[in-house]
Amino acid sequence: MASEKSSSDLTLLDFWVSPFGQRVRIALAEKNLPYEYVEEDLLAGKSERLLQSNPVHKKIPVLLHGGKPVNESLIIVQYLDEAFPDTPSLLPSDPYARAQARFWADYVDKKVYDCGTRLWKLKGEPQAQARAEMLEILKTLETELGDKEFFGGEHGFGFVDAAFAPFTPWFMSYEKYGEFKVAEVAPKIAAWAERVGKRESVAKSLYSPDKVYDHIGVLKKKYGIE
């Protein structure tokens, strides 16, 4: 049964380089759903529309569907599966496989961004600890990927791929600040990143590693980090 609200009712409040917003953009592209994109200049401040749409966390992304806000990137992606059941699903139909996909997307959510941020924000022993954690995270994800083309396995490109893919342009920065190479630590993840980056929905939703690195430079300056 189709959603009561059409896809033309979709508006995304987002920030260009946000890997969390990019998850939603990838999902919308996979489903071929048209939407209005509204850029939030988070470095300058948060708009009244964003604050009203997400009064609890005051963060992007926010998906407005018929004016009603849906918050938190993974929740938004799952919502799109449910609200538009006639589009390709990112979650598998099997309940156990769905639970596993949610587990690994949650793992990415809780681990990668925080650890990566500590890599470029910190120095000395705290940075060395973040580096060790990042290597463990990549190895853990590589074990889960195994020999599959995508994390979705037989389902193909799926929920975990959409959740993790936006971090691939950050790999170069993580490598520079952490002094390691993803291809050496987790070669299957590096190969997956190359594959996933060629997918149309991903390619048109992400920015280059150089732009991400430059953005981190802006953040370091903003926070007074040398």
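We number each residue from 1, going along the chain as drawn.
Quick reminder: no glycine exception, Cβ is built from N, Cα and C everywhere.
Note that the structure is a prediction, hence the values are computed from the model and not measured.
Feature annotation from TrEMBL assigns domain 'GST N-terminal' to 8-88.
Positions annotated as domain 'GST C-terminal' by TrEMBL: 94-225.
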Quick one: average pLDDT across the domain 'GST C-terminal' (94-225), no decimals.
-> 97
Using DSSP, how many residues in the domain 'GST C-terminal' (94-225) fall into helix, strand and coil?
-> 105 helix, 0 strand, 27 coil
